[in-house]
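TrEMBL has this to say about the protein:
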type    : residues               : note
BINDING : C189, C196, C199, C205 : [4Fe-4S] cluster binding site
DOMAIN  : 39-187                 : domain 'HhH-GPD'
Amino acid sequence: MTKKERYAFVLNYFETYAPNAETELIYDNPYQLLVAVILSAQCTDKRVNMTTPAIFAQYPDVYALSKATFDDLFPLIRSISYPNNKTKHLIGMAQLVVEEFNGEIPATVPELIKLPGVGRKTANVITSVVHHQPNMAVDTHVFRVSARIGLTTNATTPLQTELQLLKNIPTEKVHIAHHWLILHGRYTCVARSPKCGECGLRPACKYYAQLIKAN
Ligand code: SF4
């Protein structure tokens, strides 16, 4: 199978079986999504979703959050990984959005990565989810799943994975392909023991082909 055929099979599979894939983070607007994505670093979406309602109730917009004190916000984030840094990042992010962006969450990657707690991955998530821009956020699931299937070759960094995926996925499908790969990695192609027996990507998967060959 050529790389082109592999991509075509995989994209067609997801389009058929997961046409409406989307983030599992619960949010109502770009401000809430940005808060949730910052909190989700090294933390499950489920845990983030348990935490954000209280944050959004107390800080309904970026202006309210920009006035929060560390001591007020920290207790709401305590149950999440790296609460100290995340508390500082959220307040710093809100202050910068108010000061430099007129209270609007920026809509471009170069602007977003100026904000505390926002790296390339987070900026790619925000711009692709909110604005459907063709930006591919590569987290641990996207990195692993892409390599196993054979969508990427010898990628050793998230950036290499991102660039290889962008080169091969049609622009208009990039924003949803991000969710396809994440969800596949979260529920089927899991890290320790991928559930190949129940995976519809077997005919196109390099990892599975090697598994069969070895047995
Ligand atoms: S066949 Fe196995 S390794 Fe390949 S994508 Fe499916 S679960 Fe992952």
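Cβ coordinates are placed from backbone N, Cα and C, and glycine is handled just like the others.
What TrEMBL annotates, mapped onto the structure for a quick look.
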{"residue": "C189", "record": "[4Fe-4S] cluster binding site", "DSSP (3 states)": "coil"}
{"residue": "C196", "record": "[4Fe-4S] cluster binding site", "DSSP (3 states)": "helix"}
{"residue": "C205", "record": "[4Fe-4S] cluster binding site", "DSSP (3 states)": "coil"}
Greatest C-beta neighbour count within 10 angstroms, which of the binding-site residues C199, C205: C205
Local confidence of the prediction over the domain 'HhH-GPD' (39-187), expressed as mean pLDDT: 96
Residues close to [4Fe-4S] cluster site centre defined by C189, C196, C199, C205, Cβ within 8 Å: R148, I149, T188, P194, K195, L201, R202, Y207, Y208
For the binding-site residues C189, C196, the one whose C-beta sees the most other C-beta atoms within 10 angstroms: C189
